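Taken from Swiss-Prot as is:
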| type | residues | note |
| --- | --- | --- |
| BINDING | E76, E101, D128, D150 | S-adenosyl-L-methionine binding site |
| ACT_SITE | D150 | active site |
| BINDING | K154, D186, T219, R220, Y221, E222 | substrate binding site |
Amino acid sequence: MSDDDAPESLRGAADGPAWRNFYGRRSGKTLRPSQKVYLSEDLGRLRPEGITREENPERRPLDLGALFGGRPVWLEIGFGGGEHMVHMAARNPGIGLIGCEPFVNGVAMLLGKIRAAGVENLLVHPGDVRDLFDVLPEASVSKAFLNYPDPWPKKRHHRRRFVTQGYLGPLARVLAPGATFRVATDIPDYVRQTLEEVPQAGFDLVSESGEAWEDWLSTRYEQKALREGRVPHYMTFRRQG
């Protein structure tokens with residue numbers, strides 16, 4: 001599916017200022033008819049207004065109290081097919097969870113899972129997480145997840161990884177003091193870079209392990225990694241302050 005075939009609410013959703021490059025795919029396989037229905041019927045009510053530069057050129061902060069009724073706010077960065085995000089929302093009904101994912105097919109998969117699970121404490125930004133960082137109030141998020149991010153394996157592309165200061169600085173700004181940041185990856189060099197870069201952004205390392213968190217839901221990507229002999233690694237950081 002081309003960008004021109006995407007619903008209006010997705011076209012240009014990740015566009016930021018002219019200097020903000022976006023790397024990675026926005027769409028993949030042709031969407032199933034049911035997925036097109038999810039996008040057309042459900043995305044509009046689950047997508048907060050005021051995140052994109054077109055909707056909010058002044059970059060006014062979001063009113064999270066209005067969006068989530070004063071509940072603690074969690075953030076998932078790049079939710080993939082959405083299984084972990086829906087699992088966390090169902091397990092923690094007293095929180096509000098925002099997920100970011102620029103890949104149209106992943107957004108459609110998440111919307112289907114939301115319908116099936118009946119969870120109501122989720123919102124979706126179908127675009128670049130940096131646009132969301134722009135408008136999240138300072139110290140407003142109490143937990144963030146980064147699960148199996150794009151590894152960008154070529155050395156010349158390592159600067160595109162999320163665990164660089166260009167992403168981690170804005171993340172640190174929106175996380176409250178003491179907030180948790182969890183990272184899961186099966187790429188050894190991504191582990192190395194995460195352990196080097198995240199503390200430089202104002203985080204303390206809490207744990208690193210080959211054993212998953214107690215509330216973890218293994219994703220499709222993780223199962224594929226295990227079948228192919230790769231070893232998952234789980235890291236937990238705490239925002240300083």
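Count begins at 1; order follows the chain as displayed.
For all residues, glycine too, the Cβ spot is worked out from N, Cα and C.
Structure with Swiss-Prot features highlighted.
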| residue | record | Cβ within 10 Å |
| --- | --- | --- |
| E76 | S-adenosyl-L-methionine binding site | 26 |
| E101 | S-adenosyl-L-methionine binding site | 25 |
| D128 | S-adenosyl-L-methionine binding site | 23 |
| D150 | S-adenosyl-L-methionine binding site | 16 |
| K154 | substrate binding site | 8 |
| D186 | substrate binding site | 19 |
| T219 | substrate binding site | 21 |
| R220 | substrate binding site | 13 |
| Y221 | substrate binding site | 17 |
| E222 | substrate binding site | 22 |
Separation of alpha carbons, D128 (S-adenosyl-L-methionine binding site) and K154 (substrate binding site) (Å): 22
C-alpha spacing of R220 (substrate binding site) relative to D150 (S-adenosyl-L-methionine binding site), in angstrom: 14
E76, E101, D128, D150 excluded, remaining Cβ within 8 Å of their centroid (S-adenosyl-L-methionine): I77, G78, F79, G99, C100, P102, F103, G106, V129, P149
Rounded Cα separation (Å) that holds between E101 (S-adenosyl-L-methionine binding site) and E222 (substrate binding site): 18
Alpha-carbon spacing, E222 (substrate binding site) to E76 (S-adenosyl-L-methionine binding site), which is rounded to whole Å: 16
Residue pair T219 (substrate binding site), E76 (S-adenosyl-L-methionine binding site) - Cα distance, angstrom, rounded: 14
